[in-house]
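What TrEMBL lists as transmembrane segment is 33-58, 70-90, 110-127, 147-169, 189-209, 239-259, 279-297. If you look up TrEMBL, you'll see 49-295 marked as domain 'G-protein coupled receptors family 1 profile'. Summarising the annotation, TrEMBL assigns region 'Disordered' to 319-356. Annotated compositional bias 'Polar residues' per TrEMBL: 323-339, in sequence order. What TrEMBL records for 342-356 is compositional bias 'Basic and acidic residues'.
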C-alpha cells in the first residue's frame, strides 16, 4: 500500500499530466483572447435567457404544470452550463497547465454536472410526455411533490456523475491509463461516460418516435370529428414538437463530442482527438444558446411572457427614477407577466378539447 501511494501524483500541477500524455494543446494568444471575448458574450446570453425561462415559468400561471417545471429545470442546467463555460474559458490554454488537480476536477466537474443534468432532464421530460400522451392529455397528473422529487433526483444523479472522477475513477495513480482530452481522467471512465450517454440518446429518440407516431395516428382518427379544434396550439402535439426540437439540437450538438470521447477512451492513436477538442466545445456552448431561442420560437405563450418580463423590468427601472411612482400601483399583467385568462378557464378549455 505504501508503494502504491508513492506512485500517486496528487500534488503535481496539471502541466505534469499534460506532459505525461504528450499533449500539444497550446493556444495562440490572439486566438485565446478572441475565444474568451466571444465566449463571454455567448455565456452572458446563456445566463440571462435561461434565467428568463425560469422566471417565466414561475410568474405565468399557464406554465404551472409538470412539463414546464421540468423545462425550467432544464433551463437551470443550461444556466449552470453557462457558469461552467465561463470558468473553463478563463482556465484554459497555458493557465490550465498551472491548475492543481483539485482545480481541474472542479473545472471538468461543472461541465459534467451540467451535461448530466441536461440529459437527465430530457429523459424525465420524455417519460412525462409519454405518460400524458398515452392518456391523451395535454399535461400529466404528476403532483408537485412528485415533480419536486424528480428534480431533486436529477440533480443528485448529476452531481454524483460529475464527482465520480474525483472520488477515485482517475489515472493519478496509473499514468499509463490517462486519456488525452482529460489528462487525469481514466480512459475506462471516458468509455463508460460517453457510451452511457449515447445509449440514453437512443432511448429518448425511441420514446419520442413512439410518442410522435401515436399522436399522429390519434390525430388523423379524430380530425374528421373535431371541426379543427384538435389543431389548436395547446394540444399535446405542440408540446411534443417543442421538446423534440430541443432534443434534436441536444443530440446534434453533443453526439460528436461524445463519439470523440469514446474514441479517446478506446485509445485511438490515429484519431487526432486534440484538434477536434475546441470545435466540439464550441458546439456544446451553442446548444445552451439555442435552447432559450427554441422555447420562445416554438411556444408563443413563452415569448409573450418574455416580453412581459422585459416590460416589467423596464417599467421598474423607470419607476426607480420617478418620485411619483410609489403612488402608482402596478397592473396585474405587469405583476405576474400572465395573460388575463384565469387558470380555471384554461383547464376547462383543455378538458373541452380532450372530451371532443
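Keep in mind that glycine also has a Cβ here, set from the backbone N, Cα and C atoms.
What you see is a predicted model, and the numbers here were worked out from it, not measured in a lab.
By the Cβ criterion (distance under 8 Å, sequence gap of 6 or more), the transmembrane segment (33-58) is counted as touching the transmembrane segment (279-297), at least 3 such pairs being found. As a quick check, the transmembrane segment (279-297) and the transmembrane segment (189-209) miss the bar of 3 or more Cβ pairs under 8 A, pairs 6 or more apart, so the two do not touch.
Annotation: stretch 239-259 has the most Cβ pairs under 8 Å to the transmembrane segment (189-209), among 70-90, 110-127, 147-169, 239-259. With a threshold of 8 Å between CB atoms, the same-chain residues lying at least 6 positions outside the transmembrane segment (239-259) that come near it are 67, 71, 74, 115, 118-119, 122, 125-126, 129, 133, 138, 194, 197-198, 201, 204-205, 208, 211-212, 215, 276, 280-281, 283-284, 286-287, 290-291, 294-295, 298-299.
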